[in-house]
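**Student:** Input: one structure, supplied below.
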Amino acid sequence: MLPSLALLLLAAWTVRALEVPTDGNAGLLAEPQIAMFCGKLNMHMNVQNGKWESDPSGTKTCIGTKEGILQYCQEVYPELQITNVVEANQPVTIQNWCKRGRKQCKTHTHIVIPYRCLVGEFVSDALLVPDKCKFLHQERMDVCETHLHWHTVAKETCSEKSTNLHDYGMLLPCGIDKFRGVEFVCCPLAEESDSVDSADAEEDDSDVWWGGADTDYADGGEDKVVEVAEEEEVADVEEEEADDDEDVEDGDEVEEEAEEPYEEATERTTSTATTTTTTTESVEEVVREVCSEQAETGPCRAMISRWYFDVTEGKCVPFFYGGCGGNRNNFDTEEYCMAVCGSVSTQSLLKTTSEPLPQDPDKLPTTAASTPDAVDKYLETPGDENEHAHFQKAKERLEAKHRERMSQVMREWEEAERQAKNLPKADKKAVIQHFQEKVESLEQEAANERQQLVETHMARVEAMLNDRRRLALENYITALQAVPPRPHHVFNMLKKYVRAEQKDRQHTLKHFEHVRMVDPKKAAQIRSQVMTHLRVIYERMNQSLSLLYNVPAVAEEIQDEVDELLQKEQNYSDDVLANMISEPRISYGNDALMPSLTETKTTVELLPVNGEFSLDDLQPWHPFGVDSVPANTENEVEPVDARPAADRGLTTRPGSGLTNIKTEEISEVKMDAEFGHDSGFEVRHQKLVFFAEDVGSNKGAIIGLMVGGVVIATVIVITLVMLKKKQYTSIHHGVVEVDAAVTPEERHLSKMQQNGYENPTYKFFEQMQN
């Protein structure tokens, strides 16, 4: 009976694995999925035949972000409407992985956790509920968490009910691979123990079977240890040789025979993640070396439950494996781990670990999180032309460091839960609360480091933009001062300067957009500062472009080109203004450090030199024509002094309305509130950081608020006075004074009279008496 039930459950799970949502996958044999293994080409499921296929372009390998995974799903399934991705619940075994540049390979098998590409509108999974099992679900609309978080929630809930997690699925998507709830099925411990080995049910509380050795290692004999070690060694040799064959041959790989001499395999094996030995070394030395290695998660991001032998404790403990890399101290089950490493004494292992193992420096683990100063290295290194690449690497190192620390905490959490099985519920909750606080602390620390990274990157980008703008302005003024000036060369230099200014504006808008996505309140606070900074950019461009019309001959010749440039960029200016005025849009969370906006076109927008600043001033203002500029009969531009500010003076050319413009003055200009149209202007240092405040534009708002406050206070006072007068108005009730010595009948009658009752007989006699 039990074997039949197990077969039925297996068949049902298989049908569900091939099951396709009815909304967009009708008629497909398999669900769209992708799988990644770092160092090999990505794999995707062929929805027509249900087989895994390599990346069609032959170039794409493992992807580090959820946004990238979603984009890759949309690339490999262009005919489907992929709207989201979610990590699969179970790992799968996939064959024929290829290196980059090859599209068809054989014999390469890896176990990975794929990502499901969700089609159309999200539909929750239909979970099978076996007999004696319970279907539960949890939703929290105030949180938006990953697949791993909800898996942990489901597992903890089942554990509190003394049951095992049988199956689960996500509910209520709120972002890319993020959800607001989980549905799950909890089954009694006895039901789960029928389908797995009894030792696993007692020692391993994991609800997922990750594959592995099915042989019974209960005896733990020396012969079986030798057999296991040799089998693993041969498998590693075969994989390494197959990798070498890919680099030499163009055809399909052929599986290597196990009889190949160890000497040849050892010469080609250079990775420290695997331990090879020659025929002269004993198997005991191999086992000691394998079991003495520290647990390695590897560079990949999967969270696969595995076991490794801990030298200090002398037993096998659980940890999370990333899915690639690592070393051979990595076992599917605790029983398998103890069968290999349990027969080796702790003293010999400690002796082995005290001696440094030979390592190839070229094959050290690729996870940079092991270095505590991974981010500090970026912060201490000055910025250069490769700032963006350095920032991306530092961001990746930071995320790798965070993942490694989270993996360590999850391993400790898993071990603590296993040890707290028989403790009271209060102690279990204390353990859970402790690790939840630890996880929150790590998340907060990572968020602070991300913020520091972004701020440093912003400051360096601002410095680079200022340098480029200053250099472009110097070249533009030099071209104007040339004798004779070349109009087209002047226009090219002007165009480069305008582009530099637009880079500044684009960077400002990117920063504002990022703040608006992650913190709308802060965006509302800095909005006026951003507008002020944009005004400074426009005024600076206005002053710079006015220099062109000091040379009428040059300005007249390139007037059409300048007009065309302005007309081309006018539409983009309208979009910028609309974005600044519009309400902040809702984003799916904080996955992106810096939103990647498309490269924008350059824009030339001029503002009036004087007058109050308003949103209308941001509209494109066509440059004044050549006829409106006083003629410069000498066809010269005012000489520009590049000396420091202390060594140069301000001289105004009569009738021009412009000062003797310098590079630093235009690049760092901040218009004073008192200057007139025909007078010189004061030059101040104005950085890209938003510290300026538009005081003038707030006067009207302050006056309006004061008047409104007076009106509201008046209304409140009048209302209070009226209410108080109403309280003192007299309330008349018909109360009849009753003697305390009267009879109960008379007292009852008096109460009736108080309530409005009038006896017709009494009324008749009263009228008679009157």
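Positions of Cβ are set from backbone N, Cα and C atoms, glycine also.
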**Student:** Which stretch, out of 13-20, 181-188, 333-340, 549-556, is listed as region 'Zinc-binding' by Swiss-Prot?
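**Tutor:** It is 181-188 that Swiss-Prot describes as region 'Zinc-binding'.
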**Student:** Look through THR371, THR743 and state which residue has the annotation phosphothreonine in Swiss-Prot.
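**Tutor:** Checked Swiss-Prot: the phosphothreonine annotation sits on THR743.
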**Student:** Of the residue ranges 131-189, 603-661, which one carries the region 'CuBD subdomain' annotation in Swiss-Prot?
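**Tutor:** Residues 131-189 are the ones Swiss-Prot records as region 'CuBD subdomain'.
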**Student:** According to Swiss-Prot, CYS73 takes part in a disulfide bond; indicate which of CYS117, CYS291, CYS300 is its partner.
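**Tutor:** Matching partner in the record: CYS117.
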**Student:** Going by Swiss-Prot, point out which residue in TYR728, TYR757 is annotated as phosphotyrosine.
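**Tutor:** The residue tagged phosphotyrosine by Swiss-Prot is TYR757.
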**Student:** Just confirming the record: what cysteine out of CYS316, CYS324, CYS341 does Swiss-Prot connect to CYS291 via a disulfide?
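**Tutor:** Swiss-Prot says the disulfide from CYS291 goes to CYS341.
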**Student:** Please report the Cα separation of CYS98 (disulfide bond) and CYS38 (disulfide bond) in Å, rounded to an integer.
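**Tutor:** Here the two Cα atoms lie 11 Å apart.
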**Student:** For CYS174 (disulfide bond), identify the closest of the disulfide-bonded residues CYS117, CYS186, CYS341, judging by Cα separation.
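**Tutor:** Its closest listed neighbour, by Cα, is CYS117.
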**Student:** Fewest other Cβ atoms within 10 Å: which of the disulfide-bonded residues CYS73, CYS144, CYS187, CYS316 wins that one? Let me know.
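**Tutor:** Per-residue Cβ counts within 10 Å for the disulfide-bonded residues CYS73, CYS144, CYS187, CYS316 bottom out at CYS144.
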**Student:** Just the number: how many Å between the Cα atoms of CYS62 (disulfide bond) and CYS117 (disulfide bond)?
**Tutor:** 16
**Student:** May I ask for the distance between CYS144 (disulfide bond) and CYS117 (disulfide bond), taken between their Cα atoms and rounded to an integer number of Å?
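**Tutor:** CYS144 (disulfide bond) to CYS117 (disulfide bond), Cα-Cα distance: 19 Å.
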**Student:** Just to be sure I understand: of CYS186, CYS291, CYS337, CYS341, THR743, LYS763, which recorded positions have a C-alpha no more than 10 angstroms from the C-alpha of CYS133 (disulfide bond)?
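**Tutor:** Taking CYS186, CYS291, CYS337, CYS341, THR743, LYS763 one by one, the ones whose Cα falls within 10 Å of CYS133 (disulfide bond) are CYS186.
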**Student:** Nearest by CA distance to CYS187 (disulfide bond): which of the recorded positions is it, out of CYS291, CYS316, ASN542, THR743?
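**Tutor:** Going through CYS291, CYS316, ASN542, THR743 one by one, the Cα closest to that of CYS187 (disulfide bond) is CYS316.
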**Student:** Sort CYS341 (disulfide bond) into helix, strand or coil using the DSSP assignment.
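**Tutor:** Note: CYS341 (disulfide bond) is helical by DSSP.
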**Student:** Identify, among the disulfide-bonded residues CYS38, CYS186, the residue whose Cβ has the fewest other Cβ atoms within 10 Å in this structure.
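**Tutor:** Per-residue Cβ counts within 10 Å for the disulfide-bonded residues CYS38, CYS186 bottom out at CYS38.
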**Student:** Express the distance between the Cα positions of CYS73 (disulfide bond) and CYS38 (disulfide bond) as a whole number of Å.
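**Tutor:** Computed Cα spacing between CYS73 (disulfide bond) and CYS38 (disulfide bond) is 17 Å.
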